[in-house]
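Residues or ranges marked as active site, proton donor in TrEMBL: Lys102. Residues or ranges marked as substrate binding site in TrEMBL: Lys66, Lys90, Ser344. The NAD(+) binding site annotation in TrEMBL covers Thr185, Asn216. Look at TrEMBL and you will find Asp142 tagged as site 'Important for catalysis'.
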Amino acid sequence: MNALVATNRNFKLATRLLKLDSKLEKSLLIPFREIKVECTIPKDDGTLASFVGFRVQHDNARGPMKGGIRYHPEVDPDEVNALAQLMTWKTAVANIPYGGAKGGIGCNPGELSLSELERLTRVFTQKIHDLIGIHTDVPAPDMGTGPQTMAWILDEYSKFHGYSPAVVTGKPTDLGGSLGRDAATGRGVLFATEALLNEYGKTIAGQRFIIQGFGNVGSWAAQLIHEQGGKIVAVSDITGAIKNSKGLDIPSLLKHANEHRGVKGFNGADHIDPNSILVEDCDILIPAALGGVINRENANDIKAKFIIEAANHPTDPEADEILSKKGVVILPDIYANSGGVTVSYFEWVQNIQGFMWDEEKVNNELRNYMTKGFKDVKEMCKTHDCDLRMGAFTLGVNRVARATVLRGWEA
């Protein structure tokens, strides 16, 4: 099931629980604006190449729209629509004053030189500069983009509008990026996991974890969980999967993964089939890679008691039903991975104030937001007698619906 179908399904279930009227429901689903632009650049060899860039701006009832820009060969309009919508609910669950957006360019960044990527980014910015802005739409990095991409967007945007560091987040710290942003999603996963385990009278220490995906989110989550005494028994990435039931030596693994661009070949572990990682024995499973990895084929075999969704949409709705019958508790992506966008908000706030925080303040504020977010989700679960996913969705949709009605926007 694709991301758009699943997101729409969750949205519909939430609106029923909230008893929203059908006109309001319809207006909440329709994107505010969809932008599609042609980006033509000279390549290094002098030939011209054309790429399609786009931005879906979903909702701005609660504040400026916020969401990543991805550079990927298969940029599917449906998926971008779903992710923009998901950002609307995610920012509302986190209770930060944003709406949702998502965008990108259909290209393969691995096949472009650094100067070609720079030209492409600048042309894209020229095409959309009057449709984004500090109080309109604030882009961030996503798949295939990073701090350098944000630096180019900031520079190009500033040529039209004057120096505006708050127009993008996830910037290099030298250009107004926030301390703690790099680790933010992984740290948010840690705080979310702590909040959930606390409900069950447990702590991170001594729990056995499996992490699928060892990119930015997975590796930071592994490092921080390891520091709290959690035992990480298996991890995987695109190069392969490794397991050590006594617990992996995470500092050594991080060093190995940096040097060898992946976990493959790590000495202190056995190699296992990457497809079996989700069904290995553990207490807590953290999918931190792609969407749709937990589905009806493997859901019955999952041994974890808790699943923390660090990736976007890793669990199919069919798997959701199978797992809830088994009594597995799933902490949904829309809450669990909101640490990144929360610290992006802190970065934006610091830029607008022209006053930067130290890392301790960033991390403490993030803990406050994640802890309060979990309480709010639990409150909705009690009110509507539903699971954590629906608790989070009803919380997000309700906040956006209330803002929409208060602003007099309902049809």
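Heads up, the Cβ atoms here are built off N, Cα and C, so glycines get one too.
Listed binding-site residues: Thr185, Ser344. The one with the lowest count of other Cβ atoms within 10 Å of its Cβ is Thr185. In this entry, substrate is bound by Lys66, Lys90, Ser344, whose most widely separated C-alpha atoms sit 13 angstrom apart. Within 10 Å of the Cα of Asp142 (site 'Important for catalysis'), not one of the binding-site residues from the list Lys66, Lys90, Thr185, Asn216, Ser344 places its own Cα. Apart from Lys66, Lys90, Ser344, the residues listed for substrate, the same chain places the Cβ atoms of Gly67, Met87, Thr91, Ala94, Ile96, Tyr98, Gly100, Ala140, Ser338, Gly340, Val341, Thr342, Tyr345 within 8 Å of the centroid of those Cβ atoms.
Within 10 Å of its Cβ, the residue among the recorded positions Lys90, Lys102, Asp142, Asn216 with the fewest other Cβ atoms is Asn216.
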